[in-house]
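Asks: The structure under discussion is supplied below as structure tokens; questions concerning it will follow.
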Ligand code: 2RA
């Protein structure tokens, strides 16, 4: 089976290769794809060397599956070309997520929606994935009326340029800016671009993608997305208003029994999720689970996950694994 990784030299692309190897994905040929400037570079994968190719060459090679992490423009232009030669595309950009005829998939939640006819599949935004891994079981059991989400997002979500900016600022060196302001010793309430409604695209991704993945337009999500000088993962403070009453111990048990979730919630011994411990892991960590004493049927959660893994590469590879298994791609 031939697998293309489009954006193979980028931050998420590199983690995709790592996850494919870790999970011993049943590929027989890797097609690393990157921009013209990287064409010809060699990538080592499972002790074999593969030459980076450009997009047109990769399409001619007719991969069975193509994992994309190359930005929305590239995905809009090239995912249909791969699909036209029979390649199933799993795309990490926001390009296809809200298209009515494209599926937006977190395998633990809605992989069942996929059919043989799905050739372009959207991977949700990293902050959406970790949020919904925790919200889905709660919504199924109690119904969620509203979620108020504050995110504390890793600079790795922006990419190498942002990590370099922090490094330079820490070392008091000049360099290219990924953000409009210094990120060292700062918190920037501006992820992606501002929209006419004064929210950012990143904040509206949480609002819109949640409704689509849960299949329930009634779930109200309002968010504030903040960038902080952290590299291990995204954190989210979430306030939930439920449609029904709940016992805290039952809700904690529900989360702890949910595949992919790890409950870390023993404040009495300073045990709660943090990016320094989530980094490199595929689980979504949930803690600080407590009732909201200001209103009925409401609670607060703290959710942390590695945005490059479950938030991007691992979720993408899990979708590819599902495709192989469900549609017998050999
Ligand atoms: C960010 N969610 O963290 C974006 C990356 N896709 O900037």
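Heads up, the Cβ atoms here are built off N, Cα and C, so glycines get one too.
Under the heading domain 'Semialdehyde dehydrogenase NAD-binding', TrEMBL lists 2-117. Taken from TrEMBL, the feature NADP(+) binding site applies to 9, 10, 11, 12, 37, 38, 307. Look at TrEMBL and you will find 97 tagged as phosphate binding site. The active site, acyl-thioester intermediate annotation in TrEMBL covers 126. What TrEMBL lists as substrate binding site is 153, 227. Residues or ranges marked as active site, proton acceptor in TrEMBL: 234.
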Asks: About how far apart, in whole Å, are the alpha carbons (Cα) of residue 97 (phosphate binding site) and residue 10 (NADP(+) binding site)?
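Replies: Cα to Cα, residue 97 (phosphate binding site) and residue 10 (NADP(+) binding site) are separated by 21 Å.
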Asks: Which whole-number mean pLDDT does the model give the domain 'Semialdehyde dehydrogenase NAD-binding' (2-117)?
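Replies: That region's mean pLDDT is 97.
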Asks: Measuring CA to CA, name the entry from the recorded positions 126, 153, 227 that ends up nearest residue 37 (NADP(+) binding site).
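Replies: In terms of Cα distance, residue 37 (NADP(+) binding site) lies closest to 126.
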Asks: Counting distance between Cα atoms, which of the recorded positions 126, 153, 227, 234 is nearest residue 12 (NADP(+) binding site)?
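Replies: With Cα distances computed to residue 12 (NADP(+) binding site), the winner among 126, 153, 227, 234 is 126.
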Asks: Work out the three-state DSSP category of the residue listed as 'active site, acyl-thioester intermediate'.
Replies: helix
Asks: Of 9, 10, 12, 97, 126, 153, listed as recorded positions, which ones have a Cβ less than 6 Å away from ligand 1?
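Replies: 126, 153, in sequence order.
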Asks: With the cut-off set at 10 Å between Cβ atoms, which of these binding-site residues ends up with the most neighbours? Options: 9, 38, 153, 307.
Replies: 307
Asks: By a simple count of other Cβ atoms within 10 Å, which of 97, 234, the recorded positions in the record, is least packed?
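Replies: Looking at the recorded positions 97, 234, the Cβ with the fewest others within 10 Å is that of 97.
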Asks: Considering only the recorded positions 126, 153, 227, which residue has the minimal Cα-Cα separation from residue 10 (NADP(+) binding site)?
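Replies: If we rank 126, 153, 227 by Cα distance to residue 10 (NADP(+) binding site), first place goes to 126.
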Asks: Which one is closest to the residue listed as 'active site, acyl-thioester intermediate' in space, judged by CA to CA distance, out of the binding-site residues 9, 11, 38, 307?
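Replies: Comparing Cα positions, the closest of these binding-site residues turns out to be 307.
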Asks: Measuring Cα to Cα, how many Å separate residue 9 (NADP(+) binding site) from residue 234 (active site, proton acceptor)?
Replies: 22
Asks: What Cα-Cα separation, expressed in whole Å, is found between residue 227 (substrate binding site) and residue 234 (active site, proton acceptor)?
Replies: 9
Asks: Look up residue 234 (active site, proton acceptor) in the DSSP assignment and report helix, strand or coil.
Replies: strand
